[in-house]
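Engineer: Below: one structure in structure tokens.
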Amino acid sequence: MSAVKIESPRGQTWSKVEEIRLFKWMMLFKPAGIHKHFHMVCLLERLNKPDQYPIKLLQSDKGSSDKVFSGEDVWEQLSRYYNLEKADEVENQPYPEFYNDDGPTETTNKKTEGDAQLDNDDDSDNDVDNCDELKRNIIPLQNRLQQETEFELSWEDYGELMLEHARDHEVEDIKQEETASADDKAKLKGAESQDTQVEQESEEPREREKDIDEKDTEQNNVQAKQEMATTPPVSVGESVSELANEPVDEPVDAHKKPRTRRSTRLTRSQKRGIDDESENKEDQPHGGNTDEKEDVEHDTEGRSGSEKESTADAADTTATKQVTFADESEGAAKESANSPTGKAEENETESSQQPRPKKQKVAAAEEVPEDLADVDSPARRTRRKSITKPTTRLSSRLRSRK
């Protein structure tokens, strides 16, 4: 609690700052009229507490905060500038009638229902009439104070101030527009950056998947090339057995013709050709059989080289034919050597000096390697007949003569 300040006696001196504070608060709380005592209480509270109710002053003077003012000090100071009795009369006067340019207001001419009842009553007093007059006069004044009015300032006195005020408003408007445009641009950039980020995030997994697929395909191609390079050459018999047991999965090209799997079984025409060749070999001498073996081995070696270049299906068919031809020729040679009729037939064949059908067949096969790939083709059949059938006819005629 702060120490209680001693009230000053009458005739207290007032500084400039204290007088300014007095008139400042007197504008809000007039110590005159009916409510002058209530207004004086509020005015003394603000004068004695400058820290709680400060006032901005042009000069740097500060009043002493040790002073305590009373109501008598304030009345004495105000009596130097105003006539307090006249001030009370003016403050207590009723509001005068308010007239517009066109005449008295509507409120002065019209009467409310309550006013009509008061006028009609014979027992109405003068006090009631005075109250009605006060109401009629106060209402238009309140309306007048609440209305907005236009006014003009003289250009000579306030022209420069008005120009500066207008320029300041223009500058502020321009700044506000610039800031608004900058904010809009920043928002647009932020939205665009967010969209680009979302697109990049969505594209990244796709690119990763593409890269992974490309890497997998490259690795598969490299592995396939390495396997092709590292696989050793396989003999004809092994390749035939492997191809017969295991199906080969080859990549299908759109430009190449679709391959059809060839069967390894012998057709009737092939079986007839084999029987005819075996009969011809039985007619030949024993000495020529070894030459035929050598020729067959030589022919098989030549055929194996050409068969490697041809397709896998052609290799299957040709290998089986060569093996069967060699086996049957060896069996026929042994039988002809043991039988007595075979020796006679060998002598006849030596005298006749017939051409070797096997060599002709091998030469024809070497000249036309494409027929090996397609055993059942009509061209292959016609050539086989042209090579083998004449020899078979000669052998059958010789047998008939014997």
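Cβ coordinates come from backbone N, Cα and C, glycine included.
Swiss-Prot lists these features:
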type     : residues : note
REGION   : 92-128   : region 'Disordered'
COMPBIAS : 116-128  : compositional bias 'Acidic residues'
COMPBIAS : 172-192  : compositional bias 'Basic and acidic residues'
REGION   : 172-402  : region 'Disordered'
COMPBIAS : 203-213  : compositional bias 'Basic and acidic residues'
COMPBIAS : 219-233  : compositional bias 'Polar residues'
COMPBIAS : 256-271  : compositional bias 'Basic residues'
COMPBIAS : 281-311  : compositional bias 'Basic and acidic residues'
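In terms of burial and nearby residues, how do these features look in this structure?
Structural biologist: The helix, strand and coil residue counts that DSSP assigns across the compositional bias 'Basic and acidic residues' (203-213) are 11 helix, 0 strand, 0 coil.
Helix, strand and coil content of the compositional bias 'Polar residues' (219-233), in residues and according to DSSP, is 12 helix, 0 strand, 3 coil.
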Engineer: Please give the sequence-distant neighbours of the compositional bias 'Polar residues' (219-233): residues at least 6 beyond its ends with Cβ less than 8 Å from one of its Cβ atoms.
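Structural biologist: For the compositional bias 'Polar residues' (219-233), there are no sequence-distant neighbours (Cβ-Cβ under 8 Å, at least 6 residues beyond its ends): none.
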